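S.K.: Below are the features listed in Swiss-Prot for this protein:
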- 57-68: compositional bias 'Low complexity' (COMPBIAS)
- 87-129: compositional bias 'Acidic residues' (COMPBIAS)
- 130-139: compositional bias 'Basic and acidic residues' (COMPBIAS)
- 278-324: domain 'F-box' (DOMAIN)
- Ser26: phosphoserine (MOD_RES)
- Thr205: phosphothreonine (MOD_RES)
- Ser227: phosphoserine (MOD_RES)
- 1-151: region 'Disordered' (REGION)
- 378-418: repeat 'WD 1' (REPEAT)
- 420-456: repeat 'WD 2' (REPEAT)
- 459-498: repeat 'WD 3' (REPEAT)
- 500-536: repeat 'WD 4' (REPEAT)
- 539-578: repeat 'WD 5' (REPEAT)
- 580-618: repeat 'WD 6' (REPEAT)
- 622-659: repeat 'WD 7' (REPEAT)
Amino acid sequence: MNQELLSVGSKRRRTGGSLRGNPSSSQVDEEQMNRVVEEEQQQQLRQQEEEHTARNGEVVGVEPRPGGQNDSQQGQLEENNNRFISVDEDSSGNQEEQEEDEEHAGEQDEEDEEEEEMDQESDDFDQSDDSSREDEHTHTNSVTNSSSIVDLPVHQLSSPFYTKTTKMKRKLDHGSEVRSFSLGKKPCKVSEYTSTTGLVPCSATPTTFGDLRAANGQGQQRRRITSVQPPTGLQEWLKMFQSWSGPEKLLALDELIDSCEPTQVKHMMQVIEPQFQRDFISLLPKELALYVLSFLEPKDLLQAAQTCRYWRILAEDNLLWREKCKEEGIDEPLHIKRRKVIKPGFIHSPWKSAYIRQHRIDTNWRRGELKSPKVLKGHDDHVITCLQFCGNRIVSGSDDNTLKVWSAVTGKCLRTLVGHTGGVWSSQMRDNIIISGSTDRTLKVWNAETGECIHTLYGHTSTVRCMHLHEKRVVSGSRDATLRVWDIETGQCLHVLMGHVAAVRCVQYDGRRVVSGAYDFMVKVWDPETETCLHTLQGHTNRVYSLQFDGIHVVSGSLDTSIRVWDVETGNCIHTLTGHQSLTSGMELKDNILVSGNADSTVKIWDIKTGQCLQTLQGPNKHQSAVTCLQFNKNFVITSSDDGTVKLWDLKTGEFIRNLVTLESGGSGGVVWRIRASNTKLVCAVGSRNGTEETKLLVLDFDVDMK
């Protein structure tokens, strides 16, 4: 009989097996199936007998076994079919199902409330990858469903039976592959799964569906949706089912599915499908699971956190996010006051908050709304010659002989530092200490909190044009062609460095060596302790205006249009960087990347290890006049110009992003003299030389929620 059933099943599979589509469990397909049930319920009851009669007719030609086993088996199948139909029509079963749905709805509301914050965080990241995956999934389902009807005869394509079964039937996947993990928010367990006895582990390969449930930590016994009494003969039919071979069981299941209504098929899908969604992460030790998640990009990690509660706990791991922050150069966690009480089991990650905040800040720099900046008015119509910005404190120096201390938060002038008898042309700041150099040939050390002048440093015989502060010492360069090393705590001059024959224009100090550039075309490297010149770097053919020093390389910019890279140990010139057409007025060096601004209105990005020009910031949006100041970080380059604009560029691509500041008087006298930027704020010193723009500071804040 088994072989005969197999032959009949093969025949049915050739004629009707391909009718089985692959209905999705999505909401659209569920509504479609429910609509079919509601509209055709009466018609299905009438067609039920016709379908059974048609199936019985196909088996008529099969030779029955002795003892009427064929008739008995057919009766049991009909009895079980009627039992599945009666379950869906049972009112008490529907009522219990409704109560269970209400209970799950309450649990879902609570879970949604817990995950609301995670959803908001994820929405801040680009969702294009998810959209493309959904499109690909939709296309794959469409191709699969289309291919399943290629070999159908014409009369079956047009039959009502085909229309009905393609909506309600699902072809079983008997392969060994496990379903891919879904994107839904489904709770998953984490434990060392054991068998129902609790004594021995489950087998590595589950042999029954109950074993599979046990392997998933859910127990072999499912919670039933109805309390109706089992039909007569059910246990005998199950015993007979267990006695059949694997192919015979598959054939019986196919026959059973053919006789089910859409709601019954839907129930089977809801029971079976989740068991093949194995959560491999929850089966791993926590340390190994975190190691796996560490390979995800931050935006993908936020998406993974929405998969289930256990994944969310893993995705909140503070050390995991600390590594992500380290990769992005974020060196401090973010400690904020929580408005919501965190439920047990969920630990807030300060490092994750810091990463999300930094992502929001970067987005605001790129495309956030440019709200009206804070305007800090001062120094009347004088030129702001130097600008410092540290923490929440801004210090501006002017040729009106004063310095002003401002709050970057409120925009208020906290105090005015009065004492110089000439214009202030250089300054440095660290913590609460401010140092200024003036045309009155002195340096002054100020207390930023009180405005008190702590020391006045005498020694230079001309304007103090440049200085560099390192810890407790400051090195000053003067138009008297000398450099002096000072102790800012005692006010004493420790060393005098003499050797230049013209005004010193720029200086750098790393605590061990002093590097100076002067109008005598020379760059000198000094040992301040012995007051000796270690190297004189010769090569420029005009005045040296700018310097950078990272402890290994010296980079000098000159009026001769060239930039030279030197080895500080040997004094050799490693590279000569050419491309600019005029004076290199400003440079910044970080991690072998040099950004130079020039009076020819261009900005260039260089690799000083190779001497290669990586990018030239120009094009239709380039500056229209000399570049006055610049600053860069790992993502952006910020430049200011005599044309009255401040521009933002992409460091890696060199592409223009947008204008951050555009003066109305730009092009007719309005100038941006200096800029200083932190991670979250931009400070610009603006004014004019012809009275068209009032002297002031502009403060833009990018650490705000632009939504």
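Glycine residues also receive a Cβ, built from the backbone N, Cα and C atoms like all the rest.
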S.K.: So if I exclude everything within five residues of the ends of the repeat 'WD 7' (622-659), which remaining residues of that chain have a CB under 8 angstroms from its CBs? That is, six or more out.
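M.R.: Cβ under 8 Å, 6 or more out: 328-329, 362, 365-367, 582, 585-588, 590, 593, 595, 597-603, 605, 614-616, 665-667, 670-677, 679, 682, 684, 686, 693.
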S.K.: Determine which residues of the chain contact the repeat 'WD 4' (500-536) at the Cβ level, with the cut-off under 8 Å and only residues 6 or more beyond its ends counted.
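M.R.: For the repeat 'WD 4' (500-536), the far contacts come to 462, 465-471, 473-483, 485, 494, 542-549, 551, 554, 556, 558, 564, 566, 568, 570-571.
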S.K.: Six or more residues beyond either end and a Cβ under 8 Å away: which residues meet both conditions relative to the repeat 'WD 5' (539-578)?
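M.R.: Contacts of the repeat 'WD 5' (539-578) (Cβ under 8 Å, skipping residues fewer than 6 from its ends): 502, 505-508, 510, 512-513, 515-519, 521-523, 525, 584-589, 592, 594, 596, 598, 604, 606, 608, 610-611, 613.
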S.K.: Counting only residues 6+ away from its ends, which parts of the chain sit with a Cβ under 8 Å from the repeat 'WD 3' (459-498)?
M.R.: 422, 425-430, 433, 435, 437-439, 441-443, 445, 504-511, 514, 516, 518, 520, 526, 528-529, 531, 533
S.K.: Hey, what's the Cβ neighbour count for Ser227 (phosphoserine) at 10 Å?
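M.R.: Taking every protein chain into account, the count is 9.
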S.K.: Same chain, outside the repeat 'WD 6' (580-618) by at least 6, Cβ under 8 Å from its Cβ: which residues?
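M.R.: For the repeat 'WD 6' (580-618), the nonlocal Cβ contacts are 545-550, 553, 555, 557-559, 561-563, 565, 574, 624-632, 637, 639, 641, 643, 647, 649, 651, 653-654, 656.
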S.K.: Averaged over the whole of the repeat 'WD 7' (622-659), what is the pLDDT?
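M.R.: Here the mean pLDDT over the repeat 'WD 7' (622-659) amounts to 96.
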S.K.: How do the residues of the repeat 'WD 1' (378-418) split into helix, strand and coil according to DSSP?
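M.R.: Once the DSSP states are binned, the repeat 'WD 1' (378-418) shows 0 helix, 23 strand, 18 coil.
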